[in-house]
Amino acid sequence: MSIALDIAGLHKVYRSGTVALAGIDLQVKQGDFFALLGPNGAGKSTTIGVISSLVNKTQGKVQVFGHDIDTDLEAAKSQLGLVPQEFNFNQFETLLQIVVNQAGYYGIPKTIALQRAEKYLSQLGLWEKRNARARELSGGMKRRLMIARALMHEPRLLILDEPTAGVDIELRRSMWEFLRTINQQGVTIILTTHYLEEAEMLCRNIAIIDKGLIIENTSMKALLAKLGKETFILDLDVLPSALQLEGFQWRALEGQSIEVDVEKAQGLNPIFSQLTAQQIKVLSMRNKANRLEELFVNLVEHGRGASA
Amino acid sequence: MNRRYLVAFKSILDKEITRFMRIWVQTLVPPAITMSLYFVIFGSLIGSRIGDMNGFSYMEFIVPGLIMMSVITNSYANVASSFFSAKFQRNVEELLVAPVPNYLIVLGYVGGGMARGMLVGLIVTLLSLFFVTIQIHNLAIIVLTVVLTSMLFSLGGLINAVYAKTFDDISIIPTFVLTPLTYLGGVFYSLTLLPGFWQQVAALNPIVYMVNAFRYGFLGYTDVSLWLALAVVVSFIVVLFSYAMYLINKGIGLRS
Ligand SMILES: Nc1ncnc2c1ncn2[C@@H]1O[C@H](COP(=O)(O)OP(=O)(O)O)[C@@H](O)[C@H]1O
Ligand SMILES: [Mg+2]
């Protein structure tokens, strides 16, 4: 299977001196539905800006379906559809003008562009509004207009930067449904979000970005399993080499300590009973600080705040 | 130019022309009114008292200059405000993410500015027919001059828009540079009226060459050498085009 997006060693330092990306490596496979999750200011939009050549990178390599943006930019651009975080259309143009012109920039002649405009504007529930000026649309409609616009040249990779921010629940669900259909038709989708729920609903794979670094890059399933797990550090009076802890993943640490992964459903009792049975005393116990965990607590709280 | 580029270029041009036609009350009507006033006041009322200018009635003499003045102002204003507003509303990103080479972005916007400049020029020419019988000495020179001049000032407007950070920034150059240069550019008087030293100063004003070349197309009369005039305009175009390309390639004001 080919690679839709390949990012290696990506750095971005803005003129202001802000280090937005501190060395990102990321691969997204063709056909994937991929989430880029992270708190505000993590570097999601900057990453997308670099991929879509709206932001100049400081260092690193980006390839879209094998086309390097440094040497083969037009080919890379042709494969890519972008739905940016902020509205970026001319408010005074009509929907039809906006999408047909956009197709034109990709070399799509007007007759074909008009057919596609009908197809995508209809699918996104905007065909009735085709002759309205963009500024007359509601926020959710503007968001969908940008999706229609991004699909006009039928890109193989669609990138959406926080597409559901400020969109009500009802509309959010229908948007998810639409994206799922597009993905099933073979379009690779990358979506940034700071709602874990959204990533969970839609995405197969996920990368978590924080302070310009990827801190986790795995399947959605593995991530959820990981999040359902806590790690405890137990200081023991003795640490026999033959220590048995049935049903738990554990690792020996320096001295007489061990680190045990505990799924929330398991509880701690079986650990204590097994240790007691082996005549091992637990001197102290603490929770292992986990950056991912902390991040998620923040994200989840933030997400609740935003949807409330 | 391959087919894909041609479609892209036509799309930008189409969008630009649609824009100024949509707001025709702001783009086409004001120059028509202003120039009609010039015709009435300078041509009919005052002009009759001024008498001949190098063997032509004052009205005959100033009409080509006034047409040129509206071409200059409108080409410049079109690209300056359209490109700046595309930056401001961020819809310039529609072009930046698309596989459109930078020279096509420049040519597309410049083409839009030329279209408005020339359309306004045509409107003003038609209006002038109410006040004067226009003679045509050399149509090819008229067309060539108007094409080159509108191109030159469209490029100027584009460069202005690249640097502009607020709407005020796109009116500074027209107010403080273009308008004075145009008024001093031999629109209203023959350079031969100026004392020797000031004639030499006027020769540094590029607008003098455009106005004179254009006037030559109508009257067959020019204060400066026609070939020098065309050479000056073409040189300016080459310089401004290269500079515009440099700015867009660098992404000044466009890419962070
Ligand atoms: N144009 C810019 N100039 C300077 N700093 C910027 C610019 N855009 C973003 N930043 C900074 O870069 C960091 C990453 O921002 P961004 O990529 O927008 O994050 P996210 O999309 O994840 O919220 C932030 O600290 C932000 O303030
Ligand atoms: Mg963002």
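Every residue gets a Cβ built from N, Cα and C, even glycine.
All annotation found in TrEMBL is predicted automatically rather than curated by experts.
Taken from TrEMBL, the feature domain 'ABC transmembrane type-2' covers B:22-251.
The annotation transmembrane segment is assigned in TrEMBL to B:23-46 (among others).
What TrEMBL records for B:58-77 (among others) is transmembrane segment.
What TrEMBL records for B:103-132 (among others) is transmembrane segment. Long-range contacts of the transmembrane segment (B:103-132) within the same chain: residues 5, 8-9, 11-13, 15-17, 19-20, 27-28, 31-32, 35-36, 39-40, 43-44, 57, 59-60, 63, 66-68, 70-72, 74-76, 78-79, 82-83, 95, 146-147, 149-151, 153-155, 157-158, 241, 244-245, 248, each at least 6 residues beyond the stretch ends and with a Cβ under 8 Å from a Cβ of the stretch.
Same-chain neighbours of the transmembrane segment (B:139-164): 67-68, 71-72, 75-84, 87, 106, 109-114, 117-118, 121, 170, 173, 178, 210, 213-214, 216-218, 226, 229-230, 233-234, 236-237, 240-241, 243-244, 247-248, 252-254, counting only residues six or more beyond its ends whose CB sits under 8 Å from a CB of the stretch. Among the features that TrEMBL reports, transmembrane segment is placed at B:139-164 (among others).
What TrEMBL lists as transmembrane segment is B:170-194 (among others).
Remote same-chain partners of the transmembrane segment (B:201-218), defined as residues 6 or more beyond its termini with a Cβ less than 8 Å from a stretch Cβ, comprise 60-61, 63-65, 67-69, 72, 134-143, 145-146, 148-149, 152, 181-182, 184-187, 191, 194, 224, 226, 228-230, 232-233, 236. What TrEMBL records for B:201-218 (among others) is transmembrane segment.
Annotated transmembrane segment per TrEMBL: B:224-248 (among others), in sequence order.
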Beyond the flanks of the transmembrane segment (B:224-248) by 6 or more, those residues with Cβ under 8 Å of it: 102-103, 105-106, 141, 144-145, 148-149, 151-152, 155-156, 158-159, 162, 191, 203, 206, 208-210, 212-213, 216, 254
